[in-house]
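Right, one structure below, let's go through it.
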Amino acid sequence: MAPNLSPNPSNSLDAFAAEKLAGLEAAALRRRLAVTARGPEAAAERGGRRLVSFSCNDYLGLAHDPRVIAAASDALRRYGAGAGASRLVTGNSPPLAALEERLARHKGKEAALVFGSGYLANLGIAPALVGQGDLILIDDLGHSCLFAGARMSGALTLRFTHNDVAQLRALLAEQRGAARRALILTERVFSMDGDRAPLAEILALAGAYDAWTLVDDAHGLGVVEPGQRAPLEMGTLSKTLGSYGGYLCASRAVIDLLTSRARSLVYTTGLPPASAAAALKALEIVEAEPEHAARPLMLARRFTARLGLPEATSPIVPVLVGAAESALALSAALEARGFLVVAIRPPTVAPGTARLRVAFSAAHDAAQVDALAEALAELAPDSLRAA
């Protein structure tokens, strides 16, 4: 059959994109990139305006610490701007090797493996460990990359209701016998709600059913007490450590296996040496100066107390709004008052639960926290009553 060469807008790429964008716009779900110049002390500049940012995961302000910047600058001069190859070729730089050794020691594990990002780490870990005939059980509020890695593995993947240990137990009792291997995926601190997983109970269940547990510690490292460690401890270098990248800490055997089998490590360029050096210096500071760790949570609790919200258990506090349009409007109103608090909308969160995700840093001061609380009390009293 000869191809139809007549113009057909409904089949064109641009028409398809325009139609989808119109639907997103109508639902207040279209995403846009906004140029943001981050500075020290929780400052951010957008559109020529200086704002106080409560939408950054730099929980200890280490991205602007002069010691971290100096470490990155030194690595940049010594090793160049990029790794130049995958880690298994020539992209495994000295700062990367030193960082892995320090991460493993910090987590109490035998070894560590650094990936290009936390997302890439979770894309690679599950498929390297489980597959068809295996079982993955994942918390319903787990990060998107946990679900993406689970799907790529080919294992039977079942969700359990957020932090519902009883349901997790029931699923293990029902499904574990038919599976060769089982993997439980959860987070130490949940990124959009700021609450914490009941890890002691989950790990006890895992032991009873011979299941492996991966804990995503992206938002916990350095700012919350870790409690009991899981066999698989992954996280990022881009939040508390102020740099970029992701990692897994585990036994030497597991790390050696992933070095050969994790496709998101094998088939991508290694992390830039400067990023690794920055993360290494930041981790050294976290360990040497533990007095900073409690400040983000202290400020978060000051904020929740001012507004009558449930007491914070991490530096992340959600202010639930509901409709995406309302969350955008509240974010814009706060920006007009000098605060950058970005609206979080579906599909990042469930429909009807759009929110402002307020993130606290050691770089904030009490006056900034109180001013934000005062503005929210005036602008969003209904959201605060609903909490």
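A Cβ is built for glycine as well, from the same backbone N, Cα and C atoms used for every other residue.
For the pyridoxal 5'-phosphate site, Swiss-Prot lists G118, Y119, D216, D217, A218, H219, T236, L237, S238, K239; matching the candidates S191, S260, S264 against that entry yields S191.
With the fewest other C-beta atoms within 10 Å around its C-beta, R31 stands out among the binding-site residues R31, H219.
The shortest Cα-Cα distance from R31 (substrate binding site) to any of the binding-site residues (G118, S191, D217, H219, K239) is found for S191. Considering only the residues assigned to pyridoxal 5'-phosphate binding, G118, Y119, S191, D216, D217, A218, H219, T236, L237, S238, K239, the longest pairwise Cα distance works out to 15 Å. In sequence order, A44, S53, C56, D58, A63, H64 constitute the residues six or more apart from R38 (substrate binding site) in its chain with CB-CB distances below 8 Å.
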